[in-house]
C-alpha cells in the first residue's frame, strides 16, 4: 500500500483515465528546473523526503516511513507538514470585509475578531473557484490561505474585482505573504508540543481561532485548524525562522511527531471527508452540491450578494441535482473518475477521490451521485478497471474528527 492520490509522483498520472493525463500533467508536473522550492527543501531531503512535483513546487510525498505508517502516526501522535506552497494573503482597509463578501459565501461580517471559517470563492454560475480558510484578524484585516494549484487564478480573480471595487471608492488593499512559510502541526501531540515553544496559553485557543503570537522567538500567525480531522495548528512563520521552528517541534516531541508528506496528507483528509480542490470541487461544482451548505452564512442565504448567489440560493430552495457522498467498497480501491452505477447497471455518478484507508483498513472514497441516491446505506456498484464491485453510500467523516472545541 503506497497511499492515495498524491503517491509517488507519476503514479498520480497512471491512475487516471487516458483523457485526463495531459490535463493533469500540465497542472501538477513541471520540469525540475521550473519547480519552486520551499525554504525547508534541503531539510526534507536530509530527512529522506521523496520529492515530487506538485502544483509547480518540489514537495515531499513521503519520508523513510510508509504513507500508511505516517498516516497512522499522525492520528496516534502527530505529523508536521510543510505546506509553504500554499498562498497566504492579507486584505486590509475599512472595506475589506464588504469587499470579500462579494467573492465568498461566508458571513465574514458576522465573524468575531480572531475567528475564522472555511469558505468558497464562487464564480458567476455558482461554481467553486477555490476553497479557502479565512480569518477576521480585526474588522479591517482579513487573513486567508488559498490552494497552491489555484494561486494564479485566485489572485487574478481577487485583483480584478479589487480594482473595480477601489475604482468606486472602496478602501481595501492586499499583501501576499511570500515572505512567510506555512507549517501544519496535526495530531494529539500538536498542542502539548507547541506549548513548549510559546508563553501563550494554547488551551484557550479553540478550533477556528487565530492569534498573532511569539513561537520559538518568531512572530507567527497561528490558526487552530488543519486538513486531517485531528486537532492541530497551521503556523505562518517568517521564512528565515521556519527551519528552526520545524527542528524545535520535532525535538520537543522526542521523535513522536514526524515529518509527514503529501501522501499521508491526502489519506488523512480523505478519512476526514474533506474536499481536495481539483478532485472533489471544480469550477462547475457548487458549494451546495459539494455538501458545504453549512459554510453559507445564514445572512448570506437571505441576502445573497456574492457571485453566483442566484444559482446557489435556488439550489438551497429546491435541492441540487447531484450531491457529494462518501463510499466504502469491496475489491480494489476506487480512484478518481471511477464510474458509479446503481444495482441495475445505470450510471448514477462518478468517484472523485478514493483509496485504501490506513486507519480503517478498508476502501473509502467520495464522489457525486444523483440526488435521491445519496442517502447513507444506498447500495451501488463502483467500476474499477472495467469491473464492478459492491459499494455503499457511507456517512462522512469516515474517521471521527477531534477538533478542539469548548466543552
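Glycine too: its Cβ is placed from the backbone N, Cα and C atoms.
According to TrEMBL, the domain 'GCVT N-terminal' annotation covers 40-298. In the predicted structure, the domain 'GCVT N-terminal' (40-298) carries a mean pLDDT of 98.
Annotation source TrEMBL lists substrate binding site at 234. Within 10 Å of the Cβ of residue 234 (substrate binding site) there are 24 other Cβ atoms, across all protein chains.
The domain 'Aminomethyltransferase C-terminal' annotation in TrEMBL covers 323-399.
The residues of the region 'Disordered' (326-348), classed with DSSP into helix (H, G, I), strand (E, B) and coil, number 0 helix, 9 strand, 14 coil. Under the heading region 'Disordered', TrEMBL lists 326-348.
Among the features that TrEMBL reports, compositional bias 'Basic and acidic residues' is placed at 336-345.
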The domain 'Aminomethyltransferase C-terminal' (323-399), counted residue by residue under DSSP: helix, strand, coil: 0 helix, 44 strand, 33 coil
